[in-house]
């Protein structure tokens, strides 16, 4: 692949030209362009009058000398209106059944079929062959067709278990469009004087036939790394477990991989990256319910696994637990000793916290773990004010077990050595101790593990920063991934400061 970054820049400029004068349609244009550049089909779902046909017409200008065909299907549409009329002369003179295809679908690079589900069986069967094999049987001859992009549109989905499902499955990219929402965009659309049929693409950006053919071969050379395959397989397994997940055929998975390869290729990369998998959100859904489900599952994949976010948090949790264990080993030295107050005539002994204990929230370590409220507890977090109240006046005391959840009622007492002791239901006790002072710093073992974890985090963040320059991925998805990585980084830095 020669000059990959120059190619990525060119495709970005080409897309920007195609998007001119279209409002809130950037994502649709970009995915239709990606589909056209990789020879795939697109289904646009949405109400009438939202520029579905204009999107298809614009894509014609992405290619030099491209021919376009568009047709509005009705229940009475005939194959002649889509594939061309019969040649009366050929039938009369030579007895040949042959269509005159000039100006019709078999000779067009860009095809737009509106109200696609109203097509009859004769049209649908021929269309399936055209999509699958890029061939058209014209009488006794089988002719190759130059179709690079089929855009089908409707304001409804095909009925389940109908004869239309086979065609629907061939439409790899599925986009649900709506009216222009933003006020400023709506005003600009109303006042725009641009002729929608003008060619907005400079000649230098248009794709030649030679480039298109060469790119098809080079797209197939883009590799699928093992770690990206594992993410895809994880998504597939998760969908198989969900009762409401849509059925995704092996054919659709395979075609989706080629789309991911094309995304990587036109982004200047030699391999598919995790960020490309976001495109699957527009490939795997079937209806409104599955659209939301697919997006949720891919969001979990991207923000939890694609850059090892969950794995790094699991490692961090293990390091924190190990740190607490090391601190527990030193708990005898740091056992919290409260101060006994005077009050000879007091009916209850009163205590107070040492003056050097000033934190608003105290995390106290158990000298030995206890099972409290059905949980193995190694440390308890107290609000300082609540603990001072209990030391002074007694009554009920609550704390967060292992620092999580709601504060739970505890059986806490002060022993004869003025140490705090917490007891379980069997009255086994464990002395509470202060964590090691920050002045001592982190143990070498913990410090090294955190440094290694931070190094791995930096590598993953750098990978994401490098891969996120992808024209075909919406910015809000990239923002959520960045936020998930920053959250992991913040937790690592917080642990390093303990």
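In case you wondered, yes, glycine gets a Cβ from its N, Cα and C as well.
Among the candidates 165, 196, 210, the residue that Swiss-Prot annotates alongside 23, 49, 50, 51, 52, 53, 54 as binding ADP is 196. Spatially close to residue 23 (ADP binding site) yet at least six residues away along the chain are 180, 182, 185, 186, 188, 189, judged by Cβ distances under 8 angstroms. Considering only the residues assigned to ADP binding, 23, 49, 50, 51, 52, 53, 54, 196, the longest pairwise Cα distance works out to 14 Å. Within the group of binding-site residues (50, 51, 54), the Cβ with the highest number of other Cβ atoms inside 10 Å belongs to 51. If you take the C-beta of residue 49 (ADP binding site) and look for same-chain residues 6 or more apart in sequence within under 8 angstroms, you find none. Within the same chain, the residues at least 6 positions away from residue 196 (ADP binding site) whose Cβ sits under 8 Å from its Cβ are 21, 54, 57, listed in sequence order.
Look at residue 50 (ADP binding site): DSSP puts it in coil. When each of the binding-site residues 52, 53 is scored by how many other Cβ atoms sit within 10 Å of its Cβ, 53 comes out lowest.
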